[in-house]
Amino acid sequence: MTEITETKKEADTPIIPKNTNTTATTTPTTKQQPTKLISDEVEKDTSKVDFTKGGVEEFKFYPDNPKSHRHKYKWSMKEPSKFYDPCEESRMASMDCLYRNQDDKYACQEFFDAYRECRKDFFRKKRQDNRDGAKGWGW
């Protein structure tokens, strides 16, 4: 009869493998902050914005940086049915202009042109990377 009770006690105790550590670790997990790159930020201080940097072929009439490598990563990581806009700052500026001018699109035409140019530059970079065989766009 004592054998039966000992078997029940053994069945009630959990089986712990010998190689595992049963003490709880209390060390906090530190999460590394991603490094910020200069190309990640949009300059909001108007005194520091230089649209003519690099010569005539590099003129830029919008605050965004559509040629940034971060856009390639964000574009490839989005879900197929989701929308990603690399020129969000220009889009928001054109929409704010519409709100200020009571939906008068002709008053905000320069903002819309800047947004269109930003989108063209982004897709031009995407096509050029495709021609050059650069990977990372999700194809």
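Cβ atoms are placed via backbone N, Cα and C, with glycine included.
For reference, Swiss-Prot has these:
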- 1-12: compositional bias 'Basic and acidic residues' (COMPBIAS)
- 13-35: compositional bias 'Low complexity' (COMPBIAS)
- C87-C118: disulfide bond (DISULFID)
- C97-C108: disulfide bond (DISULFID)
- 84-126: domain 'CHCH' (DOMAIN)
- 1-40: region 'Disordered' (REGION)
- 87-97: motif 'Cx9C motif 1' (MOTIF)
- 108-118: motif 'Cx9C motif 2' (MOTIF)
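Within 10 Å of its Cβ, the residue among the disulfide-bonded residues C97, C118 with the fewest other Cβ atoms is C97. Cα to Cα, C87 (disulfide bond) and C97 (disulfide bond) are separated by 16 Å.
For the disulfide-bonded residues shown (C87, C108), fewest C-beta neighbours within 10 angstroms: C108.
Listed as Cβ neighbours of the motif 'Cx9C motif 1' (87-97) (distance under 8 Å, sequence separation of 6 or more from its ends, same chain) are residues 42, 62-64, 66, 107-108, 111-112, 114-115, 118-119, 122.
When pLDDT is averaged over the motif 'Cx9C motif 2' (108-118), the result is 90. Of the recorded residues, C118 (disulfide bond) and C108 (disulfide bond) place their C-alpha atoms 16 Å from one another. Taking DSSP states H, G and I as helix and E and B as strand, the domain 'CHCH' (84-126) has 31 helix, 0 strand, 12 coil.
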